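Engineer: My questions all concern the structure below.
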């Protein structure tokens, strides 16, 4: 009866689990479809704004068709415009797509109560496969237009972008953050968190520099444009390349600089060359560099000092604080190197190729500029660790000590007693003198005279009236030393007062 009674409950639990699984898959399908559609419509809105101000053919079918290659560009798929290759794609739409996918996956994982790596891996896989398939389909659809893409490249880049974004959004639910947190020390984890904060500071400083230059050149741009709409479109395109310009600015201030075809720009000099007619390049120098350009090195020094200031309380010891600074610098350098690789490539023709941010050198320079001043600041302004005495060593309580040296800790003897428990030899002698019988004393009647004399002296024929030898505490010490030679665990360090005795 018990088995029959539990059968409906078992079936109900299985049915409930199946229903929950089916609901999760339906919710996941809705989320993936919404992400793809939302990204496409957002890019279509940007394309519509540019086409409306440019005065060209503005219609809904034209906007939707032009948004297809824009969706591919947002996923960093290499394009070809009228036969001219375009690998240097704007990073701002890519950042929007990554944030959209990451936020959607994080919300889905929280709504569906996903708590294991296996569950989150399915979501990441589905998101990546759907985007990869959509990219390949779009590449096939736009093959006959002026902007084309290779379907295989579209499949790989769209899938890679979506998979990375989904992994970032579900890093907490998949256990990745917990795994890293459990494998590194607390100061290193603090440095990683502060490195993300410093990366945001770097982005804001670079964006401020670029937007200032763009604002100064806006009047010249509108004056050179045929119409107000063309100037507005150029401004929009330049804003889409804002993260690219920020990376170029950071690579410049840390030393390696950047290059666009024959043009090479760094604080150490400029080699001129042709550049595209975009406001993005309006701040580039037209001649060789100046001596005051070396002042830009103050920027990474200040950022490194800020990192060190934030890491100064990571630990009381110096070495953990420096490890926190190195971890933060590594986070910033890794982000700079990876993003700098994405910003390089071909840009429309031989005159503007290749575009390079010198990713490797920029990452190494970032580590140096942030780690050195950061380590100095965290060392100088961090808390001073209290120098603790060695284990067992206590400071002198009085100033009346003849030697003035620190006393070593007491170690137990083989029998478990401490040196402080061994009686003073002088006191022992006094006690023995008090307890020793007088020479003229007469033993009590009926008593055993041999009790006054040890058995060994009586056996040797010695005078029984001779008192027994005094007990010397050094004999116990010698016995303990012999026991320590047989058992090393009973050994203890020699003390100075042992030698004095």
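Each residue, glycine too, has its Cβ placed from N, Cα and C.
Note that this is a predicted model, so its numbers are computed, not measured.
So TrEMBL says this about it:
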TRANSMEM  25-51  transmembrane segment
TRANSMEM  58-77  transmembrane segment
TRANSMEM  89-109  transmembrane segment
TRANSMEM  121-142  transmembrane segment
TRANSMEM  194-215  transmembrane segment
TRANSMEM  221-242  transmembrane segment
TRANSMEM  290-310  transmembrane segment
TRANSMEM  322-342  transmembrane segment
TRANSMEM  362-381  transmembrane segment
REGION    391-501  region 'Disordered'
COMPBIAS  421-465  compositional bias 'Acidic residues'
COMPBIAS  473-489  compositional bias 'Acidic residues'
COMPBIAS  492-501  compositional bias 'Basic and acidic residues'
Engineer: Flag the pair the transmembrane segment (25-51) / the transmembrane segment (121-142) as in contact if three or more Cβ pairs fall under 8 Å (sequence separation 6 or more).
Structural biologist: yes
Engineer: Output the single range from 58-77, 121-142, 290-310 maximising the number of Cβ pairs under 8 Å to the transmembrane segment (89-109).
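Structural biologist: The stretch with the most contacts is 58-77.
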Engineer: Against which stretches of its own chain does the transmembrane segment (194-215) lie, if we need a Cβ under 8 Å and a gap of at least six residues from its ends?
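Structural biologist: For the transmembrane segment (194-215), the sequence-distant neighbours (Cβ-Cβ under 8 Å, at least 6 residues beyond its ends) are 235, 238, 242-243, 245-247, 249-250, 279, 282-283, 299, 303, 306-307, 310-311, 324, 327-332, 335, 370.
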Engineer: Could you name the stretch, out of 58-77, 121-142, 362-381, with the greatest number of CB pairs under 8 A to the transmembrane segment (290-310)?
Structural biologist: 362-381
Engineer: Cβ under 8 Å, sequence separation of at least 6 from the ends of the transmembrane segment (121-142): give me the contacting residues as numbers and ranges.
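Structural biologist: Residues 28, 32, 35-36, 65, 68-69, 71-72, 75, 77, 101, 105, 108-109, 114, 148-163, 165-167, 170, 174.
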